[in-house]
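Visitor: Copied straight from TrEMBL:
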type	residues	note
BINDING	Asn110, His115, Glu120	oxalate binding site
BINDING	His113, His115, Glu120	Mn(2+) binding site
DISULFID	Cys34-Cys51	disulfide bond
DOMAIN	65-195	domain 'Cupin type-1'
SIGNAL	1-24	signal peptide
Amino acid sequence: MKKMGANTLAYIVLLATAFSVASASDPSPLQDFCVAVNDTKDTVFVNGKFCKDPKLATPNDFFFSGLRLPGNTSNKLGSMVTPANVAQIPGLNTLGVSLARVDYAPYGLNPPHIHPRATEILTVLEGALYVGFVTSNPDNRLISKVLYKGDVFVFPQGLIRFHLNHGSKSRYRSLTRRVPRRIGLGVSVWYRTIRKIS
């Protein structure tokens with residue numbers, strides 16, 4: 001009898017474990033759009049932002065002209081990222097996508113970083129760009145490629161990635177979150193190695 005009770009208990013624990021799988025992702029929007037506003041009057045709180053009444057939405061809530069201007073690359077990295085996310089385009093709130101323009105000086109670097117919540121897709125508009133990412137343990141392999149005008153490269157979510165310019169023109173990248181968190185890594189560790197490789 002004791003053996004049967006132990007077997008039953010083991011079976012219940014096994015079933016409980018099997019059915020306790022969790023899934024985490026951004027929820028699907030409950031509305032067509034949610035224009036982010038800071039005003040709490042006559043709004044609804046969704047996805048960390050207050051939503052403007054949809055009847056009051058305007059074309060400018062879905063518009064940003066800042067990507068047409070080149071970024072200032074006269075800094076120690078020789079690169080400038082101009083984001084186009086919910087902070088610049090309030091209509092992007094809850095839509096799960098953002099965009100950025102990255103401008104580079106010759107041999108400018110977008111240093112190693114991680115987007116823990118976003119996959120990145122990068123398109124080269126002009127020039128050449130050396131890009132890559134590092135796979136996770138145990139291999140820690142560098143997957144890299146030199147891209148040219150019109151080329152596209154995908155960086156998987158959560159992996160260390162970098163971009164090193166081989167020319168002097170701008171690039172565009174798109175990320176799969178409305179505000180993709182960015183975690184920078186030690187530039188001094190990578191910069192000399194990447195310049196030697198390129």
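Even glycines carry a Cβ here, placed using N, Cα and C.
TrEMBL labels come from automatic prediction, so no person has curated them.
In terms of burial and nearby residues, how do these features look in this structure?
Guide: Under DSSP, Glu120 (oxalate binding site) is assigned to a strand (E or B) in the three-state scheme.
Cys51 (disulfide bond) falls within a strand when secondary structure is assigned with DSSP.
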Visitor: So, in DSSP terms, is His115 (oxalate binding site) helix, strand, or coil?
Guide: coil
Visitor: Highest CB neighbour count within 10 A among the disulfide-bonded residues Cys34, Cys51?
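Guide: Buried the deepest by this measure is Cys34.
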Visitor: Among the binding-site residues Asn110, His113, His115, Glu120, which residue has the fewest other Cβ atoms within 10 Å of its own Cβ?
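Guide: Least crowded of the binding-site residues Asn110, His113, His115, Glu120, by Cβ count within 10 Å, is His113.
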Visitor: Find the one among the recorded positions Cys34, Cys51, His113 whose C-alpha lies closest to that of Glu120 (oxalate binding site).
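Guide: Comparing Cα positions, the candidate nearest Glu120 (oxalate binding site) turns out to be His113.
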